[in-house]
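What TrEMBL annotates here:
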REPEAT    17-58  repeat 'WD'
REPEAT    59-100  repeat 'WD'
REPEAT    101-142  repeat 'WD'
REPEAT    143-179  repeat 'WD'
REPEAT    188-228  repeat 'WD'
REPEAT    229-270  repeat 'WD'
């Protein structure tokens, strides 16, 4: 977190997406911000045009509520997870299901892509973390160590390390380099509630949001908390670094999204235009913060 000149933040409000047939569990922006995915309790994945709010597709296939969704960094794929214990990989161009990944024993709660989009990590209620090869759909490795459900995950920028957050209130950092054993090499402790979201910065800092209503920004190499952000009145649901790492956006189970100065820990803006629960927040390359979400 280096000091520097920060450009003026342009704030835009994303339209209300109101055609779900069940609660919205998760949402995710495409890398270019043009599309939005939403995962619904009704068992479907929805795709939307961000600016207009137009529904592009409503995808069935899962045999239970859809818990999480995420685009690949190259924008060519997206993944969805479900209580049906599967992960579905979809072609982002034509919204066609390419593969169904099976291996978890209980609900799959999180999924994340490596930065080259070639690997996929997943975690869920079975307390296990699984690493998959995207092209073949084969399991590469299993990671066991969390004592409770795994709810969040994110690859480090180098893709040599994977961070996972659990209901056991810990973050585990898994070494993904070839030849290393399938055990965690670091454990980050400090939260007093379930870890609900994780996000790496471009330089490798790690932010974590928790049911304890706080956000921690970590330097994983030293296991140290650089700064703690306090101000949410409910669980923290989603977090995102700005491209220059100077700011962090966070959304909670409330009608607001907060923007923080990462150097001082102060909340610089509170956006209260969200109709209901804000399920996703993201900084765009042009500096505009787009906020989405709502439970129908």
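Placement of Cβ uses the backbone N, Cα and C atoms for every residue, glycine included.
All TrEMBL annotations are machine predictions without curation.
Sorting each residue of the repeat 'WD' (101-142) by its DSSP state yields 0 helix, 24 strand, 18 coil. Taking H, G and I as helix, E and B as strand and the rest as coil, DSSP gives the repeat 'WD' (188-228) the counts 3 helix, 24 strand, 14 coil. Here the repeat 'WD' (59-100) has Cβ contacts under 8 Å with residues 22, 25-32, 35, 37-47, 106-117, 120, 122, 124, 132, 134, 137 of the same chain, all six or more residues outside its ends. Through the fold, the repeat 'WD' (101-142) approaches residues 64, 67-74, 76-77, 79-83, 85-89, 148-155, 157-159, 162, 164, 166, 172, 174, 176, 182 of its own chain, all at least 6 residues removed from its boundaries and within a Cβ separation under 8 Å. Taking H, G and I as helix, E and B as strand and the rest as coil, DSSP gives the repeat 'WD' (229-270) the counts 0 helix, 23 strand, 19 coil. With helix defined as DSSP H, G or I and strand as E or B, the repeat 'WD' (143-179) counts 0 helix, 20 strand, 17 coil. Secondary structure of the repeat 'WD' (17-58), assigned with DSSP and counted as helix (H, G, I), strand (E, B) and coil, comes to 0 helix, 21 strand, 21 coil.
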